[in-house]
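**Student:** Quick one: structure below, then a few questions.
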């Protein structure tokens, strides 16, 4: 089976938990976009493990693959590999030599660019991801393959300084070069042709799971530009981000929260002007710790994401959190400047007048003390109001919700 897990909102949907749950059935798990701006948390028997570069499925899959579509901070990757080795024996990692390298210069540039944007700040994670992708498309990148040569590292850093030095200020090139070279010497055993590895695995009949980072609404082309990430996040970017043919993908799983959250600026039609959901769901970014904006489930966004990713099944997370509210709403459509929209439109002018049409549902209450009973009995034992909510979403999206998450832990999951 060749599967892709993608986020259908603004990231933070719970892809990490779903991927970790699924990965016992897969031989390889692959990251194909983003960098350490993607934070995901896996909870196993109450123990939290947080990754930013290593895919969430690493705890169960045989081989971890980091594709060419990523930009990688070698020092932070080393830290995560050490963390992974403490949690798991016999790890196997393949890192594409074509992946770009995130350096200290990129982090400095990221912060400086945000300062220069002033009131139009995007709200980046300040991890250097955007500037690293800028260099990729400007053909200036240090590649993972380059980390075995101190000369190549220095030459490319000097080139970056020559072109962008006014923004970075003084940087100790020797120190940065030596840090990258040292990290590279430890990582080089893992660096190779990830595309060829995946081709070989496919021909051997291995099961491969591609794990997307961020979400559809943060895609550089299809998201709420300019308040987006710097890479393509939709399922189709599996091919360009890993070198694996998308025609071989059999299964696209769209993951979404039972409500909507967003970090940073930009349009958010169903946003709620209270802290109730944030507090109930502990909605703070894994990478930055920033409070997430919260709102009701947005069906126009989910319809748009389902179409973009061609999802064939869905996974819903945090239903246990949503039930703690006294009343629950779902945004079913928009009226924008007098025109009706059931799907998120190609463009929304920031000055437009937006009205959201809502469907209201009765709560199913706080189920925290009853979750273990539901897990043992299956979908039909879930509260009636919760099942009504799930089935309304299925009917609205014309797609089955096969995976239902009722908590952070891997075990707190029901498969229909």
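Including glycine, each Cβ sits where the backbone N, Cα and C put it.
Not measured: the values here are computed from a predicted model.
Straight out of Swiss-Prot:
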ACT_SITE  12  active site, proton acceptor
ACT_SITE  40  active site, proton donor
BINDING   11-17, 39-41, 292, 318-320, 405-407  GTP binding site
BINDING   12, 13, 14, 15, 37, 38, 39, 40, 125, 139, 214, 229, 290  IMP binding site
BINDING   12, 39  Mg(2+) binding site
BINDING   286, 287, 288, 289, 290, 291, 292  substrate binding site
**Student:** Tell me which of the binding-site residues 319, 406 sits in the most Cβ-dense spot, judged by other Cβ atoms within 10 Å.
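**Tutor:** Per the Cβ count, the most surrounded site is 406.
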**Student:** Can you tell me the three-state DSSP label for residue 40 (active site, proton donor)?
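**Tutor:** In three-state terms, residue 40 (active site, proton donor) counts as strand.
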**Student:** Of the recorded positions 37, 39, 40, 125, 292, which one sits closest to residue 14 (GTP binding site) when you measure Cα to Cα?
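**Tutor:** Comparing Cα positions, the closest of these recorded positions turns out to be 40.
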**Student:** Ranked by the number of other Cβ atoms within 10 Å of their own Cβ, which of the binding-site residues 11, 14, 39, 289, 291 ranks first?
**Tutor:** 11
**Student:** Just how spread out is the IMP site if you go by the largest Cα to Cα distance in Å among 12, 13, 14, 15, 37, 38, 39, 40, 125, 139, 214, 229, 290?
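**Tutor:** Farthest-apart Cα atoms in 12, 13, 14, 15, 37, 38, 39, 40, 125, 139, 214, 229, 290 are separated by 34 Å.
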**Student:** Do you know offhand how many angstrom separate residue 406 (GTP binding site) and residue 12 (active site, proton acceptor) by C-alpha?
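**Tutor:** Distance between the two Cα atoms comes out at 16 Å.
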**Student:** Between 125, 214, which of the binding-site residues has the fewest other CB atoms within 10 angstroms in the structure shown?
**Tutor:** 125
**Student:** Which entry in the list of binding-site residues, 290, 292, has its Cβ near the fewest other Cβ atoms, using 10 Å as the limit?
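**Tutor:** Across 290, 292, these binding-site residues, the one with fewest Cβ atoms within 10 Å is 290.
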**Student:** In Å, rounded, how far does the Cα of residue 39 (IMP binding site) sit from the Cα of residue 319 (GTP binding site)?
**Tutor:** 21
**Student:** In which DSSP state, out of helix, strand and coil, do we find residue 11 (GTP binding site)?
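**Tutor:** The three-state answer is coil.
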**Student:** Work through the binding-site residues one by one (11, 17, 291) and name whichever has its CA nearest to the CA of residue 37 (IMP binding site).
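**Tutor:** The answer is 11.
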